[in-house]
Amino acid sequence: MKFVGANKITFVTCFVLALSIYVALHGFNLHGVILSFTQDSLRNGSVSDQSDFVSKDQLYLAIDDDDEDVSRLRYDYYGVSCPFAEKIIGNAVNEIYKARPGIAPSLIRLLFHDCFIEGCDASVLLDADESQSSEKEAPPNLSLKALDVIASIKSELERTCPGVVSCADILVMSTREALALAGGPSYTLKTGRKDSLFTFKDIAERELPSPRSTLSQILASFASRGFSAQETVTLLGAHSIGITHCTFFKDRLYNFSGTDNPDPELNPGFLQELKTKCPFSASASSPSPCPDTGFAPSLSASDYHSNYGLSSENDGVIDLSFNNEGGPLNFGSRYYRRLLQNKGVMYADQQLMASEETATWVRAYSSDPLLFRRDFIKAMVKLSSYHVLTGPLGQVRTNCSKVLA
Ligand code: HEM
């Protein structure tokens, strides 16, 4: 018996040793997430071009399967029913991106606004009909773009595999492709999402975070969807690409909290830069940050409308990437570096420095791009799988803006 026991101990020791060596050589396994990547190319900046970078940065993930619907998602779900679906989506996004690189940030934001409101079910794409109003009409959604990109990819897929690939899956896969093209990390995704029959305008109006939210409001609204403070900081790294209209932060430049003065937190040099791009106008005296109730904003529709602010055709814009500051490798980390210098564009952005818990992650991501990329993948995969509909719970629309009759 003793001999058997000793053998067991030896076996376990060998197994643990072998596992440690494997992990050291090939990557980590954290909370069910298996990562493997080429660290050196990122650390020593030896990446020659973006496509090279993307292929070396490929990460493979297994997401948490606790949620029953999430567990029904599968890798290569369309392997038999539409084997070229991913390829068709990839090619289409590549082509459109060449002419319109702005589709990358626009798709990422579209995904966030879809998934955050009742899950990744493409409800944000539905038009109003006689039975319901459209989520697209909710004030925070009025500045969404790239809906046409999803519609055009859907038409192409309908020609190849009619009625097979859901709009919700097209949105998550197109966003994944566009993100990689814009210098973000690349990841694998499970598919099999279904499209919703309903749209949630009131919930979108109430629950999409305002650019004037306080930290506790932001954290509460992400926490209510199962995202930790760290994951919230990670996801906001998406604000390192794309644009924001002056309307969403102009009060910080001219009339912060009704003081007739700028936000004292704003970096003085950056304040001047922003003022040049967003000159004073009457609309600059927009509302002040939401009162800090410690909860996600729960304002009436009209309050929320004025609190969020709306961009107009001739509103100025700020390039959130600051001309791709630092190159594609700095996707994410430039955002955090700017926050450390009090150069967050929106009030909500700079709020990430308002508590030690979130500021710790801002500092970590500003100095370790690889850590950010790893966490961003996990957070994007989690966001892309949030409250999905699967099986009989939804449908596969043939036109993304209309419920199937
Ligand atoms: C507190 C949470 C957030 C707030 C208040 C917020 C608010 C905003 C606002 C007001 C804009 C400017 C829109 C415009 O001017 O047209 C914007 C842009 C953007 N947001 Fe967020 N956002 C939040 C979180 C997120 C998250 C979690 C993601 C993605 C994971 C995201 C991705 C983006 C992207 C990529 C853009 C640029 C869009 C473009 O260029 O078309 N945001 N956000």
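The first residue you see is number 1, and the count goes up from there.
Yeah, the Cβs are placed from backbone N, Cα and C, and that goes for glycine too.
The domain 'Plant heme peroxidase family profile' annotation in TrEMBL covers 72-404.
Listed in sequence order, Y78, S81, C82, A85 are the same-chain residues at least 6 apart in sequence whose CB falls under 8 Å from the CB of C161 (disulfide bond). What TrEMBL lists as disulfide bond is C82-C161 (among others).
What TrEMBL lists as site 'Transition state stabilizer' is R109. Listed in sequence order, the residues of the same chain lying 6 or more apart from R109 (site 'Transition state stabilizer') and placing their CB within less than 8 Å of its CB are L144, K145, A238, G242.
The feature disulfide bond is assigned by TrEMBL to C115-C120 (among others). Taken residue by residue with DSSP, C115 (disulfide bond) is part of a helix. With a cut-off of 8 Å between CB atoms and residues at least 6 apart in sequence, the same chain places L383, S384, Y386, H387 near C115 (disulfide bond), listed in sequence order.
As annotated by TrEMBL, disulfide bond applies to C167-C400 (among others). Long-range Cβ contacts of C167 (disulfide bond) within its own chain (separation 6+, distance under 8 Å): A122, L125, I150, K154, D195, V396, R397, C400.
Taking Cβ-Cβ distances under 8 Å and a sequence separation of 6 or more, the neighbours of H239 (heme b binding site) in its chain are L320, Y335, V345, M346, D349. As annotated by TrEMBL, heme b binding site applies to H239.
Residues or ranges marked as disulfide bond in TrEMBL: C246-C278 (among others).
Here TrEMBL flags D303 as Ca(2+) 2 binding site.
The local packing around C278 (disulfide bond), expressed as other Cβ atoms within 10 Å of its Cβ over all shown chains, amounts to 22. You'll find the Cα of C120 (disulfide bond) roughly 29 Å from the Cα of C246 (disulfide bond). Checking the recorded positions R109, C115, C161, C278 for a CB within less than 6 Å of any atom of ligand 1 leaves R109, listed in sequence order.
Fewest other C-beta atoms within 10 Å: among the disulfide-bonded residues C120, C400, that description fits C400.
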